[in-house]
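Visitor: According to TrEMBL, the protein carries these features:
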BINDING   Ser36, Glu55, Arg56, Gly63, Ile127, His153, Val154, Asp155, Met224  NAD(+) binding site
BINDING   Asp155, His170  Fe cation binding site
BINDING   Arg234  glycine binding site
Amino acid sequence: MKLDDIKISRAIVEGYMEELLDYMDMDVAIGGGGPSGLTAGYYLARAGLKVALFERKLSIGGGMWGGGMMFNKIVVQDEGKEILDEFGVRSRPYDEGYHVADSVEATSTLCSRACQAGLKIFNLMSIEDVMIRDEGITGLVLNWSSVEMAGLHVDPLTVRAGAVIDATGHDCEIVKVVERKIGPELNTADGRIQGERSMWADVGEAALIENTREVYPNLYVAGMASNAVYGAPRMGPIFGGMLVSGRRVAEMIIEKLK
Ligand code: 48H
Ligand code: FE2
């Protein structure tokens, strides 16, 4: 077969534009492609919802690739292992209640399974703002990460969503933007972001599930962003809570949108 260079370019542009147009309106928009965002996306897509995930970086997976201090293993508890099992990620028991998995296998499998379940991932896009109406958050404001990195003055585009998940990790970037734009109106003790506390795996992991909540109408927090918003400790390279939080936020949204 004789290859046509222009046909290759057309296939890429047409394929991409078709999907981008399709996702101008969706059920759920997820910000951040770490373990919590990917897990949420998997369960939401599997429930038949139209869901897209927007990730700033080229690669999906957030902080899970590197394990702990670049030792590329992750630890999960029993509940996290159930979720790894469901994804088909292999793990081995370490001590009672502790399981160890390869972080590269875990991250790549989460990504692959979520896509195949129907999650649409847009990488290289940064969320820079939200759309707010009387009923709460109604969408995300997006720009190319390269625009952000180059500091170019280029205006963004907007997509509409029935619910938004802030899964942007330690920086809780979506909630931060909401706090900055509307003031102390969050569903926290004083309406503001409480800030992440220092390392304490036991307390941090337990709090994470409690803190996986609707923090403002139609805006949910999952993963590390939950503890940052509600003022709970970090937990280091134990990832069970991230997976359980992702599944929990999906269940909450499925219940609400159904
Ligand atoms: C688009 C964005 C934006 C933006 C950020 O950090 P993550 O892996 O998040 P979680 O919560 O799924 O997992 C946390 C885990 O990795 C971790 O850090 C743990 C367990 N830490 C414990 C400890 O003690 O340190 O992923 C967040 C993703 C990243 O890929 C970012 O690039 C992306 O979100 N992101 N994407 N627009 N504005 N901000
Ligand atoms: Fe971290």
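Heads up, the Cβ atoms here are built off N, Cα and C, so glycines get one too.
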Visitor: What is the nearest of the binding-site residues Asp155, His170, Arg234 to Arg56 (NAD(+) binding site), using the Cα of each?
Guide: His170
Visitor: Please give me the binding-site residues out of Ser36, Ile127, Val154 that lie within 10 Å of His170 (Fe cation binding site), comparing Cα atoms only.
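Guide: Cα filter at 10 Å returns nothing.
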Visitor: Nearest of the binding-site residues to Arg234 (glycine binding site) by CA-CA distance, picking from Ser36, Val154, Asp155?
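Guide: Considering only the listed binding-site residues, the nearest one is Ser36.
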Visitor: With respect to ligand 1, which members of the binding-site residues Ser36, Arg56, Ile127, Asp155, Arg234 satisfy a Cβ distance under 6 angstroms to one of its atoms?
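Guide: Ser36, Arg56, Ile127, Arg234, by Cβ distance under 6 Å.
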Visitor: Could you give the Cα-Cα distance between Ser36 (NAD(+) binding site) and Asp155 (Fe cation binding site), in whole Å?
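Guide: It is 29 Å, counting Cα to Cα.
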Visitor: Judged by the number of other CB atoms within 10 angstroms, which among Ile127, Val154, Met224 is the least packed of the binding-site residues?
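Guide: Among the binding-site residues Ile127, Val154, Met224, the lowest count of other Cβ atoms within 10 Å belongs to Val154.
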Visitor: Of all the binding-site residues here, Arg56, His170, Arg234, which one's CB has the most other CB atoms within 10 A?
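Guide: Max Cβ neighbours within 10 Å, all protein chains included: Arg56.
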Visitor: Just checking a number: largest C-alpha distance across Ser36, Glu55, Arg56, Gly63, Ile127, His153, Val154, Asp155, Met224 for the NAD(+) site, rounded to a whole Å.
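Guide: Farthest-apart Cα atoms in Ser36, Glu55, Arg56, Gly63, Ile127, His153, Val154, Asp155, Met224 are separated by 31 Å.
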